[in-house]
Amino acid sequence: MTYWNQRTVAKRVSCTGVGLHSGKPATLTLAPAPADSGITFVRMDLDVEVPARNDLVVDTMLSTSVALGAARVSTVEHVLAALAGMGIDNCRVEVDGPEIPIVDGSAAPFVCLIQEAGTRQQRAGRRYLVVDQPVEIRDGDKLARLDPADGFVVDFTADFDHPLVTNQSFRVALSDRAFEREVARARTFCFRRDIERMQAAGLAKGGSLDNAIVIDEFSILNPEGLRFPDEFARHKVLDAIGDLALLGMPVLGALTAVKSGHALNQALVRKVLADPGCHRVVRLTSDADVPARRPVALGLPEAI
C-alpha cells in the first residue's frame with residue numbers, strides 16, 4: 001500500500017434517514033469517482049451534479065448548503081467531514097432529494113459507510129493546500145484563522161449563553177484514526193428555547209432526540225446523555241472540518257476558531273482561495289514525498 005495516491009470508495013454503499021431541516025425522507029449513496037474529480041453531490045431526482053465547492057455555497061444558516069441552478073443540496077457538512085476525515089479524495093455523493101440525511105446527528109454513520117465500502121487507491125497523487133501565511137477573519141467576538149502548520153490541526157472554542165456550553169474547547173491533530181476516534185461521533189445540538197423559532201423559519205422539521213442533543217434551561221434532555229464531556233466543542237470541530245472540505249482538497253494548516261459557525265467558516269475559505277499569496281497547492285508524486293509514518297487524513301505530519 002502507498003500513501004501518496006488519491007483514494008475513492010471501493011464500491012457503492014447507501015443509507016437512509018430524514019433531512020434535519022426539511023424533515024423529508026432521504027437516501028444517500030457513496031459511489032466511486034475518477035481521480036481528480038473531487039467530491040460531487042448528485043441530485044438523482046434531478047439528474048444534476050453539484051461539485052463540493054465554496055463558490056457554490058448558497059446558505060449557511062444552521063447548516064451548509066450548495067447549489068447549481070435549481071439543484072440544491074443542504075446539510076452537507078457532516079458527510080463532507082467524514083469523507084475528508086477518512087482520507088477520501090474523490091466520491092459521488094448521490095442523494096434523492098434536497099438534503100443529506102441527518103442519521104444520528106454526527107459523522108459516525110458516514111464513517112461506517114466508508115468502512116463498509118472500503119477504499120481504492122488511484123493512479124494520481126494527492127493534492128494539498130499548504131497554508132504559507134496566516135489568514136484571519138473576524139465578526140465581532142467570533143474568529144476563524146488559519147496558520148501555517150506541518151499537519152492539519154483544529155482548535156475550537158464554543159461559547160454559548162448557557163452554563164453547559166460556556167467556554168468549551170477541543171483541539172485535535174488529525175492523524176491516522178483521530179477523526180474516527182475523537183470527532184466523528186460528536187452530535188449536532190440545539191437549545192430547546194430555539195426550537196419553536198427554528199421551526200417557524202422552516203428549519204429543524206426532522207429534528208429529534210434521535211439525531212440531535214437538545215439542551216433545556218438546566219440539563220441535557222437526551223436520556224443517554226453525552227458521548228463526550230466536551231461533545232459540543234467536538235461537534236463544532238466536525239462542522240469546521242466539513243466546511244473546510246469545500247476548499248476542494250486536504251489542508252496543511254492550523255485552524256483556530258472561536259464561536260465560529262458555518263458562515264464564518266465559509267468566509268475564511270473564500271478569503272483563502274481569493275489570496276494566492278497565502279497558500280500554495282502541491283501534489284505528491286511518490287512515497288518519497290510522504291513521511292515515514294502514515295499521513296493524517298487531512299494533511300501530513302511533516303511538511304511536503
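Glycine too: its Cβ is placed from the backbone N, Cα and C atoms.
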Quiz item: Hey, Swiss-Prot has Zn(2+) bound by His235, Asp239. Any idea which of His78, His162 it lists too?
Solution: His78
Quiz prompt | Zn(2+) site, defined by His78, His235, Asp239: further same-chain residues with Cβ within 8 Å of the Cβ centre | solution = Glu77, Ala81, Ser106, Ala107, Ala186, Arg187, Thr188, Lys236, Val237, Leu238, Gly242
Quiz item: Do you see any of the binding-site residues His78, His235, Asp239 whose C-alpha is within 10 Å of His262 (active site, proton donor), and which ones?
Solution: Asp239
